[in-house]
């Protein structure tokens, strides 16, 4: 082979090897940080077409509702145990730490942690979900006395003669 071609071939092979190693390292790093999301039903019964269940020791996120009467707190430590459900099976979540202020029985949560048994998650983080009606305490205090009208209710669209008169004035250029 001509030395110039040989040199070019070596550079191309080095470049391809470097790109392949870099891609492998990136994929390995990303794989360690991927936490799949499961509901309690998917965790117990399997997820997807092939009903794959997570393996014990796998990191994952679990989302569902806290079962009424299931919260058990250790008065000596910050250890908490509770059950989470969707519409089917229940999964036990163990957590050590301070729970979020919005955490309540019957409330939606997302727990991130490691599966230590097929239906037991050792959580490292618990997030309490809230509904779209949630307001921070400061705003709720400021809005006291303001009447909330459901847009689907009859009150949202009054049918009185006054409303019809206002509508007629608007169309005639009045205010």
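For all residues, glycine too, the Cβ spot is worked out from N, Cα and C.
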(Q) For the annotation region 'Disordered' in TrEMBL, which listed range does it cover: 116-145, 146-175? (A) 146-175
Q. In sequence order, which residues at least six apart in the same chain have a CB under 8 Å from the CB of residue 130 (heme binding site)?
A. 102, 107, 108
